[in-house]
Each structure stands twice: as structure tokens, then as C-alpha cells.
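Novice: Just dropping this structure here.
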Amino acid sequence: MTTESKTKTVTHILGYPRVGAQRELKFAQEKYWRGEIEQKELLAVGSELRQRHWKDQSASGLDFVTAGDFAWYDHVLTTSLLLGHVPARHNNGFPDLDTLFKVGRGQSQNSCGCGEAASDMTKWFNTNYHYIVPEFSKNDKFNVSWSQLFDEIAEAQKQGHNVKPVLLGPLSYLWLGKEVNDEEVEQGFDRLSLLPRLLTAYQAIFSKLSALGVEWVQIDEPILALELPKAWADSFKLAYQVIQSDVKLLLTTYFDGVEHHLDKITKLAVNGLHIDVSAAPDQLDAIVSALPKEWVLSVGAVNGRNVWRADLERLHERLQPVKEALGDKLWIASSCSLLHSPVDLDQETELSKETLQWFAFAKQKLREVTLLADALDGNQNAILACHQYSQPLRERESAEHINKPAVQQRLAAITPALAERAEAYSVRAQHQAEKLGLPLLPTTTIGSFPQTSDIRQQRSAYRTGKLNEQDYVTAMKGHIADAVERQERLDLDVLVHGEAERNDMVEYFAENLNGFQATRFGWVQSYGSRCVKPAIVVADIEREAPITVSWTQYAQSLTTKQMKGMLTGPVTILGWTFPREDITRKEIAQQLALVLRDEVSDLQQAGINIIQIDEPAIREGLPIKKSDQKAYLDWAVEAFKISAASAKSETQIHTHMCYSEFNEIIESVAALDADVITIETSRSNMELLKAFEDFNYPNEIGPGVYDIHSPNIPSQEWIVDLIETAAARVPVERLWVNPDCGLKTRNWKETEAALENMVKAAKALRKKWQSNAA
């Protein structure tokens, strides 16, 4: 029997969702960007959310509330402003909130007809969160010029909270950025050389934190979970010697294990270490054994990246020996920031009682942390509560409606042949050229068109029963007809139906497949004001009937041009949903691949000759350790190929990827064997194409020629330049012309203006190059 401990286990979390339970921040941001509210009103929304979130943390019994996790756009961008590190094109010498938004979103064209491009945006490790990439040049200087962190600490202290600030560490900040001057790089510039200057700014930050009476700072160095180059790994020792102060440092890691850097970590001038035992449970024993005796160990036991209820009973059993070994040096926390979790399960009033007992959102995870800590401290009521809390998970393990025999039979029948198309690309390309009759530089879009308020209201009315099915179908067909008419007017070559019926590219499929659970308010931030509402995989996945065929077939009936069928790929559906934790991700991907394979067959039978299977998430699913990546890529590629392999040779399979760095996965991208791949390249000025050029990628490519995430409307000349840059790296006969991504979040005015310039640019170059060829 466990006796009550005399040493209390300290509790905290690594961060909390910023957007609000009802996405209050999103709506305030967008009103501000549209000029509908003043900045003071936006600031008031942020303050109210922070105070609410701190109150929730305090009320749950956490020993610390976390400050510094709030961001107006992205926490890496917030760090850039804190350090006075703003791209010159946006830097007026006095960085403010509008500066931050310009860096993240770009600056619209002004009276001179010019605009300033946003900084690059890319995935935050292997999550679906995006951050704004810091830009580094050899003459960069850093100075603490943005007071948000200090203001929010003071704000929390004024409310009476015990505050633990969070700060992105200097090495991770540098690693997450990029050198932007090719000439400097050629001359040997490496952003790591900026570390001494950067550390001076960090010293100033810690001086200010000390003056605020801060005892502990959570300093995030997630890159320690990577297999770092030696120069980077070796830089940690000096960096932490330089920035040590009277403020205690909790060196914080997540998303994978750090035992491979343990010798270096234990020599750092810090006061404690946080590890993620949800992502990497096997590291725990080695780290407990090697931990300096004066350090605290913060164990990230409650999974911050999924919605499943923590198995507190088993966690208590696993961590009890750690508590006995470490005593009051043990802290309990979330595995990573709860940014990646929805806010509050209590809002989900439409879920069944059984289903509710399976889940915990961010607010509920606060109590999981404190309940587990109480149990580890020997509180008998807490130990009993942990046992009871885990019972729904035990009951689920044996539930017959979770594991379905028919699905298991199809999985067992998968063979290598199931993932191969009948003929090689070189042969398929000839069949497709004859069948499709497309011109040089064919123009298309990625799939979605603007989701107007009418579309959203009609979908909502249908979902709530205020609009009957017949009227809903009529309304959606009207929007499809409008989208087709606009595309015909623009003279695009390959059309799409616009996806008016889809709220989200993953949620739509989840709602139409068995084995998923949708939520009403399960929103998580993707970037800026963009939120997504991932469905939850709760059981084996089946398709009862075709999902996209009727809409696509209707759209095709309105035009003589080719209409693309639009599917979301198996790896992306997996990556953008909350997966089951009782089976492997590979098995879930295979289940999805089989149902999508059936959908491809049905689209083809309905007369659709081009089918796009989007896989924007394929890279973000990579394990962050390179040594673990091959196994993932093998099954991810297989899943895509199973989906596509039912297509005939004359059916053209497209795939789309956005915000991906391809160098490290180019062989796997080629192995997908898609006939056409469209990619995000405009923000990086086509630099992503270098990977395809170096690899001699054999199939067709559509590099994005304008950034749909920015309100800037690209000029025809700008697009011509990008296409010509692309044509220097990819044979022109294999080039497509398209935007970077779907156009769902844009309005029709800017969409049509941008697409008009895109089509004009393609036609001008088509005419020029065909004349030259003649």
C-alpha cells in the first residue's frame, strides 16, 4: 500500500491553447485585419483569454501557471520580435503588433503598387502547427525591443498567480530559421555564427525576468530531440554558461527522446530537465539514472498532442518508482504544449456518454496532471480516482465495435502488387496526353475556392436540420455551377468543383467514413488565425458508399473541360486527425488507403479522368530522428500507392504537398509515382524545386506561382518570372501552373484577380515558347 509522501510533486504544463474555446482570438484577429475593430479591442480579447486560461490552470491545482505561451500569430515570430529580429523589408525601427502581422502575412499592395512578401512558414517539427521562419544574415543584430513577454508575466502576477514563463531557447531559435543571402552562404556564413550576439540578447531577457521576480523559466530546446550536427550539439554548453543567471532554468524537450544527447545535457548550466515520455517512454529510466542530483526532472506524462484520456492508473504504476527515487525533484507536466489539443471537452454536448469517457481536451488535461501528481504523493483518494478514471479505457480494449472483422480481412489481404499501377509513368503519360489533350503549361487550381458566408451558413443550416437535404443539394450545386462558370471565364485548363460542400479537407472524409468521431468545438490552431478541427479515429475505418462522386460528376456535366476529382490522401487524413492509440499509425493508414482506393475506382467509373489525392502532411509525419524515418516513409508511400493503384493508365493521378522541404524525402516523393505533383514554392522563390532538379524527378510538376496565404495579388510579371525560374529547373513540357494551395480562405475578388494574372502569364509564356520551338 502506498503511503502519503512528505514531498509534494510540482505540477505545470508547457503551454495552453491561445485561440479560446470558441475561437475568440481568431475572430478578433480577422476583424482587426479587415479594419472592423481597433487595436485596443484586439488587445482586450487577448488579455481576457490569457486571464481565463491562467484561472483554469490555477483552479485545477497546478503549482505554476505558464506565461509567454500566448502569441498573436505564432510563438517563433513572437520570439523574433522579442529579440528585435525583423526582416529589413518590414522593419521600420519600431516593431509593433502591425509589424508582427506584416512578417506573418505579408503587406498588401500600397499606393505605389508594391507589396512586401511574408516570411516563409513551415511545419513545427512533426505537427500540423506552422511557424514563421526567422531570416538570418551575417550582419544581424539582436536587441530586446518587444515587451509582450514581460507585460504578460506582470499581468499574471497582478492576478496573484505563481508564474513560470516559457521562452524558446537560443539554439532552437537559430536552428528553426534559415540563411537568406545566398552570396553570404557561398562565402561561408552559417547562422550558428550569430550565437554570441544572440546570447547577449538572452542575457538581457534574463535580467528583466530576474527583475520581475521570476524563479523558474521553461526554456524550450526541442531540437535536442533531433540527431544534431556536432557543431550544434557542442554549442549548448557555452550557450548555457553564458545565459545562466539567478533565474532557474528548466531545459525543456519534447516530441521525442533525448537520451542520445544525455552526456551533453547533464553538463549544462541549468536546474532541471523536462522530457516527453508520451512520445518516448523508453528514455525515462536512462534519464532518471543520469540526472544530476540537484536537478529537477519534469516528466511529460500527459499527452499534449492527442485527445485520448490519459491512462492514469498505468502512469501511476510506471512513475511510482521514479517518485521514490527523486522525491521532491520530480515534477509532472503535459508532454508538450497543450496548443496541439482542443480547448474544452465540456462543450461537446452531442457526444455519447461512452465516447465522452474516452477523451480529455486541454482543460481536462490540467486535472489529469494534478490528479496523477496527487496519486504519486500517496493520496489514497487520488490513487482510487486514477483507477476509476482509467476504467473506460479498459472497457474499450475489448469492445467488439472497435475492431471489425471485414476490415481486418482486407488488411490481411494486402500484397505488394496491390500498391502498383498497371504500367510505368512513361507509358501512362502517353495515354494521358492522348486522352486529356492539355496544352503546354496547363493551368489549374489546387481544389478549394472561397468559402463565402452563404456557403458556411447553408452547411450549418443543413447540419442543424434547418435546411432539408434537397434544398441543401440544390444550394451546393449552385455554388459548384458558379465556381465552374468563373473558371471557364478565366479560361483555366483543368477545373475543380470548388469543394463548397466541405468544411475541411479531412473532416469531410471523416464525417463520411465509419470509424471516426467528429466534434463541434475541437478546434486547434494551425497558423495565425487558421484553425482546424481534427476528427478522432475511434474504430476500424469503412466506407459505406461513394463520398465525392455525385458532386464531381455534376461539376463535370457543366463543362467540356477536364474536371479533377478531389480526395485527401491516407497519410494526410491520418496526420490531421487524432489517431487511435491502441493500433499503429501504419495500420490506420492502410485502412484509409483501402477506402480511398474504392473512391478512386468509383470516380473513374463515373467518367472523371483526373483525380487528385492530396498529401500535404506526408513530410510532417516524419519521425524527427533521421534514423527512424525510413520505416515511416516506407509505409506512408505504400499507403498512397494503394489508394492510387486502382486508376487506369489513362487516368491522371495528381498529388499536392504544401509547406514541405523535399530534399530529405525526394526519393519517397518520387516513389509515390503520382503523374503530377503540385507543391508550395512561391514564398521560397522556387528554391524547393532544387530538390526535384538535383534528383532528376521524372514526372510532371506544378510549382505554386503565388502565395494564397497572403492577401498580396501577384502581378503577371511576377508570375512570369517564377515560371521562368521553374522552367530553368524542370523541362517545360512537364510543368504545370497553379497556386501554392487551396483558395478556401481567400475572397473571390482577390482570387479571380490572382488567377487572371496566372492564366495570362501561362498563356504569354506558352505562346513565346511554342513560337521559339517552331
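Placement of Cβ uses the backbone N, Cα and C atoms for every residue, glycine included.
For His709, the entry in Swiss-Prot reads active site, proton donor. The 5-methyltetrahydropteroyltri-L-glutamate binding site feature in Swiss-Prot is assigned to Arg23, Glu24, Leu25, Lys26, Lys123, Arg530, Cys531, Trp576, Glu620; the stated evidence is sequence analysis. According to Swiss-Prot, the L-homocysteine binding site annotation covers Ile446, Gly447, Ser448, Glu499, Asp614, on the basis of sequence analysis. Look at Swiss-Prot and you will find Ile446, Gly447, Ser448, Glu499, Asp614 tagged as L-methionine binding site, backed by sequence analysis. The Zn(2+) binding site annotation in Swiss-Prot covers His656, Cys658, Glu680, Cys741 and rests on sequence analysis.
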Novice: Check the Cα-Cα distances from Cys741 (Zn(2+) binding site) to the recorded positions Lys123, Ile446, Gly447, Asp614, His709 and tell me which is shortest.
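Specialist: Checking each of Lys123, Ile446, Gly447, Asp614, His709 against Cys741 (Zn(2+) binding site), the shortest Cα distance is to Ile446.
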Novice: Closest to Glu499 (L-homocysteine binding site): which of the binding-site residues Leu25, Glu620, His656, going by Cα position?
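Specialist: Checked the binding-site residues Leu25, Glu620, His656; minimum Cα distance to Glu499 (L-homocysteine binding site) goes to His656.
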Novice: Would you list the other residues of this chain near L-methionine - those whose C-beta lies within 8 angstroms of the C-beta centroid of Ile446, Gly447, Ser448, Glu499, Asp614 - in sequence order?
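Specialist: What remains near the Cβ centre is Thr445, Val496, Met505, Met566, Gln612, His656, Cys741, Gly742, Lys744.
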Novice: Mind checking which of Ile446, Cys531 has the fewest other CB atoms within 10 A of its CB? They're the binding-site residues.
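Specialist: Least crowded of the binding-site residues Ile446, Cys531, by Cβ count within 10 Å, is Cys531.
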Novice: So among Arg23, Leu25, Gly447, Ser448, Glu620, all listed as binding-site residues, which is physically nearest to His656 (Zn(2+) binding site)? Use the C-alpha atoms.
Specialist: Gly447
Novice: Rounded to the nearest angstrom, how far is the Cα of the residue listed as 'active site, proton donor' from the Cα of Glu680 (Zn(2+) binding site)?
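Specialist: Their Cα atoms are separated by 11 Å.
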Novice: Hey, how far is Ser448 (L-homocysteine binding site) from Lys123 (5-methyltetrahydropteroyltri-L-glutamate binding site), Cα to Cα, in Å?
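Specialist: A Cα-Cα distance of 21 Å.
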Novice: Taking Arg23, Lys123, His656, His709 as the recorded positions to compare, which has the smallest set of other Cβ atoms within 10 Å?
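Specialist: Checked Arg23, Lys123, His656, His709; of these recorded positions, fewest Cβ neighbours within 10 Å: Arg23.
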Novice: Once near-sequence residues are set aside, which residues in the chain of Gly447 (L-homocysteine binding site), 6 or more away, have Cβ atoms under 8 Å from its Cβ?
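Specialist: Counting only residues 6 or more apart in sequence, the Cβ neighbours of Gly447 (L-homocysteine binding site) under 8 Å are Val496, Glu499, Met505, Lys564, Met566, Gln612, Asp614, His656, Gly742.
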Novice: Check the Cα-Cα distances from Cys658 (Zn(2+) binding site) to the binding-site residues Leu25, Cys531, Glu620 and tell me which is shortest.
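Specialist: That would be Glu620, nearest by Cα distance.
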Novice: Can you tell which of the recorded positions Arg23, Leu25, Lys123, Cys531, His709 lies nearest to Ile446 (L-homocysteine binding site) in space, using Cα positions?
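Specialist: The smallest Cα gap between Ile446 (L-homocysteine binding site) and any of the recorded positions is with His709.
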